[in-house]
Amino acid sequence: MGRNCHPLLSGRRSKAEKYNHGLSSAELLALASLCEVFLPPLPSVSLEGKEDRPGQALESFYKASGAQAPVPDKVAEIVVKRLLTEAVILIRVVLLMLSTKLGTLMLCGSLCLSEKWPYINNFSSMSLEKREKVLQKWFKNWIFTPVRIAFVTLKIFCLFVFFCQLDENGKNPAWEAIDYHVENDEDVSEVQQERPLEKGIVETMYETDSTIVHSLTQKGLQVTKDSKQKVYKIKCDVVIVGSGCGGGVAAAVLASAGQKVVVIEKGNYFTPKDYSLLEGPSFEQLYESGGILPTTDANMTILAGSTIGGGSAINWSACIKTPKSLLQEWAGDYKLPLFGSPDYLSAMDIVWERIGVTENCVQEGFQNQVLRKGCKNLGLDVERIPRNSSENHYCGSCGHGCKSGDKKGTDSTWLVDAVNHGAVILTGCKAERFIIEKSDNGSTRTMKCSGVIAKALNNDIRMKFQIETKATISACGALLTPPLMISSGLKNQHIGKNLHLHPVLMAWGYFPDSNLEFKGKNYEGGIITSAHKVVSADSEVRALIETPEFSPAKFSVFCPWLSGIDFKQTMLKYSRTAHLITIIRDRGSGEVKVEGRISHKLDQLDKENLKAGLRQALRILIAAGAVEVGTHRSDGQRLKCEGITEKEVEQFLDTVYAAEGPKSPVENWMVYATAHQMGSCRMGVNEKEGGVDENGQSWEAEGLYVCDASVLPSAVGVNPMITIQSTAYCLSKRIAESLREQSS
């Protein structure tokens, strides 16, 4: 059965698909041998049966192997395409070693020895049982951690590829076995058919050098072709790089103020009818780096939007206003009056109304039912989380785009306002650098910005775009704004520093189908509709406990791998395993000065707060009636709950902590997650305190502004969408006023 969606989101691949990873046959054989260990073929008798699942589906899942084509080739493609150069080199060295007898002896020790000639086996010639023992040892090895990281990375990619791959019917054979269902088109009765941004959008993937000028002029832009410089020169009042929570709001405000606005976005434009809800293609098309973006030390995996609407198109709908205590901190400690002003409070109300926030939920999904019940049984407070959707919105797949069109991201709100006021949106277009020149107008700033140089990602457009403007706004997010500014020649010390990520650790609890109190599956229902705050003795918020969207590939990536059989048994419990995430307001921070090269370090208080949140999440799951709970620590930390005493629970909780990452010299480790990025070009009262001023303008270049999460002075501590949009609204209002004054 086919799936009616955008071709880029269908996951369909040519039968004669070609791979460009460049791995040798020996490297690929070693990789396939590793993939077989992570996901081994097993006899059906070795797994606990599930009477409610079709026997054929279970049998197929038992026999499935990570070595089966095209998994190894696709893993190799991801390695080469997505990882930093040094990581690619590391993995290829490990694969080369495993393809030789001597290298295998160095990495596997006596396990590769044989009683028969030639006495030493290379990795692919070893038995599956011995290969599994090798990886079990390496996952615990705390001395040569770079090698461990190589194996962990390949495990992640192998499982990610396996659970994302699709057959000719657009399904994954394993889904039925693990009780996972993706909505078909007939399941969505009323899907928005029109393209709300059509009158203002130019999609470069459909253009060529012979058509692009006409398409741009048709939208009302002044365009000239400069063949000598090999650029298309576009004149407008304001150019905005990025279309997410910052850029979308800024585009609407400035276009409504009468400015001719051009928005450039490297992602593509999709509407509700385009979405497939399929993990693989959705990650590839809607997320930065295809959803595979680790920190340089591999401690944390980062999710960030990369499509029209940015993060607002794929976030989980949570709408929380900036905490009053934080506004007081930013206005007082950071000396930024904006955050203590009536203008900011008014902006939050305007944002709240424009994106259609509702404060009730008619029907909660499985995971939120668990969170609410566990808190109730413990006598803990639970807050209902407002969402930018209707009260009836029962969608657990908004992380892959909202198929129903109920969620109100910037792609269906602020950007619609922008194009209705004449804004033009150029998709598939990546900014390369800002046009920075010396300033000679007597300004305190020594430079000025007159626009941006960008290129189409479609090779049929070979000439670049030179967009010349009165004001240039960087709104491409806290991960991309700093590298763009630095590559343009800006040198303020705060650009790329102070990066905050709201680090996340997760606890899980298994609730069998026999538990009839909780309805549904973990992938059904509103993603975040409830939350619990973990507070200290003096009422300070230490952590926020919420529920995540956790489709099969994500689940498999974070699931600790102890053995092939343990992993498959765990996956069979997938649909009734509830996860609770612990989010903290990180005091530690990181850096991002080069695109894709991201670092972050927790401080001791962060680790203590994560530990407190993780332990509380486990208490909640136990109190809700889970038969088994655990964390994602590499040793598979877990506790059987039936008949457990309070003393035994506390003894278990005493062993729970925020472990270091896989690169650290420890036996047991964790991989952290994050979906919020902020603070990497923070606002400051002067250039010694921040990268931009209180109007969002660069301290170095006049006419260059930042209007995204980069400008936030510190971590927010709650889901930041409302804070980002409200800040962007205030800053863009000030930019509009400044432009009005310049023209008068």
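Just so you know, the numbers here start at 1 and follow the chain as drawn.
Cβ atoms here come from the backbone N, Cα and C positions, even for glycine.
Remember, TrEMBL labels are computer predictions, not curated facts.
Quick look at what TrEMBL lists:
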type	residues	note
ACT_SITE	HIS676	active site, proton acceptor
BINDING	236-251	FAD binding site
DOMAIN	237-270	domain 'FAD-dependent oxidoreductase 2 FAD-binding'
DOMAIN	283-504	domain 'Glucose-methanol-choline oxidoreductase N-terminal'
DOMAIN	598-728	domain 'Glucose-methanol-choline oxidoreductase C-terminal'
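For VAL238 (FAD binding site), the Cβ neighbour count at a 10 Å cut-off comes to 28, with all displayed protein chains included. Each of the binding-site residues CYS236, ILE240, ALA250 was scored by the other Cβ atoms within 10 Å of its Cβ; the lowest score goes to CYS236. Helix, strand and coil content of the domain 'Glucose-methanol-choline oxidoreductase C-terminal' (598-728), in residues and according to DSSP, is 40 helix, 23 strand, 68 coil. Averaged over the domain 'Glucose-methanol-choline oxidoreductase C-terminal' (598-728), the predicted model reaches a pLDDT of 98. For GLY244 (FAD binding site), the number of other Cβ atoms no farther than 10 Å from its own Cβ, over all displayed protein chains, is 35.
All protein chains shown were included, and the count of other CB atoms within 10 Å of the CB of GLY248 (FAD binding site) stands at 34. Of the listed recorded positions, namely GLY242, GLY246, HIS676, the sparsest Cβ surroundings within 10 Å are found at HIS676. GLY246 (FAD binding site) sits 14 Å from HIS676 (active site, proton acceptor), counting Cα to Cα.
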